[in-house]
Amino acid sequence: MGEVQEGPKVEQEKKPAATVVPVETTDGKPKSGGGDSAAAAAPPVAAVVSAFVYKVDMHCEGCAKKIKRMVKHFDGVKDVTADTGGNKLLVVGKIDPVKLQEKLEEKTKRKVVLANPPPKVEGPVAAAVGEKKADGGDKEAAPPAPAPAAPKESVVPLKIRLHCEGCIQKIKKIILKIKGVETVAIDGAKDVVTVKGTIDVKELVPLLTKKLKRTVEPLVPAKKDDGAAENKKTEAAAPDAKKEAPSAGVNEAKKEGSDGGEKKKEVGDGGEKKKEGGDGGEKKKEAGDGGEKKKDGGGVPAPVAMVNKMDYYGYSAYPTAPMHWQEGHVYGQSYSMTGQNYPVGGQSYPGSGYNYASESYVPYAQPNVNAPGMFSDENPNGCSVM
């Protein structure tokens, strides 16, 4: 019985030796310690609870809650505090701060900066970290690339089509979420959105066009040429004005020539126009100019003699007999003529009212004219000796 029990004991003693061999040759390199020392060769970087401060761009309270929820799911985190005003995130726990930083940058798509670096590691942990650095030393030995220069603060006016108040609030909310934007001022009447902050216009315009799904145009202020553009315009307009000057003179001359006849009529009109023509020297000049323009214009001469005859006719002591409607047979028209008086100062035609009658004329009645008046030049109906 004793020999049978010794067999299993020998096997149990050989088992630890079998387990030690693979541990020593795991990485293909001999290690100084046993299995327990090899397992404890890579402990976590932060063995104690510590607090780390990260700088993350947080726009609002909702953004801060989202980041806090994301960090709490990370292993070893005990507490998370977010400061929206200062864009700071305080994380407390047994964590690797560098891994958490990379995780946050991957999830939020934003730049995350570790404000307080982790404390220096001493002992076996430092040796393990040194070996890791030695493995990837070529990558970390390269000098860091110089950081791009931060854009200066600027004010950018943009032309965006605005429909209503809800549309304005939506656009304002979208623009404020863009990194680097500080304030947004919107003028709904002019469809102008003014953005202030440390932003690049070349990157902002295509980004807003994609997010808003409408045309976005930057408004560039007009350059001051110190009047150079105006001088060029005046110089270009000067030869055109010279070309137009002679043609305008010809048109005016034609117009004046065509108006000659009208001006002659003004000269040869009735007594009132004659009086006006005799009032001042200026109007006489106009009358004289009308005569000269008659030669140029070639208008038809006005019947001056007929006008004078009518003047004589109006004031003559021997007027012609007027024409009257003939007395009707059907409707009864009565033009009872009591008689005609020919006073020296004028004439009168007494008669009764009007009635409808047939259409015919009474022949002229020859007035009683004295012998000297028949041959007078002032009488338009007088006789003349040939």
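Positions of Cβ are set from backbone N, Cα and C atoms, glycine also.
Keep in mind it's a predicted model, so treat the numbers as computed, not measured.
Taken straight from Swiss-Prot:
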COMPBIAS  1-16  compositional bias 'Basic and acidic residues'
REGION    1-40  region 'Disordered'
REGION    129-153  region 'Disordered'
COMPBIAS  130-141  compositional bias 'Basic and acidic residues'
DOMAIN    153-220  domain 'HMA 2'
BINDING   Cys164, Cys167  metal cation 2 binding site
COMPBIAS  223-245  compositional bias 'Basic and acidic residues'
REGION    223-301  region 'Disordered'
COMPBIAS  252-297  compositional bias 'Basic and acidic residues'
Identify, among the binding-site residues Cys164, Cys167, the residue whose Cβ has the fewest other Cβ atoms within 10 Å in this structure.
Cys164
Per-residue pLDDT averaged over the domain 'HMA 2' (153-220), given as an integer:
85
Per DSSP, what is the residue tally for the domain 'HMA 2' (153-220) in helix, strand and coil?
24 helix, 23 strand, 21 coil
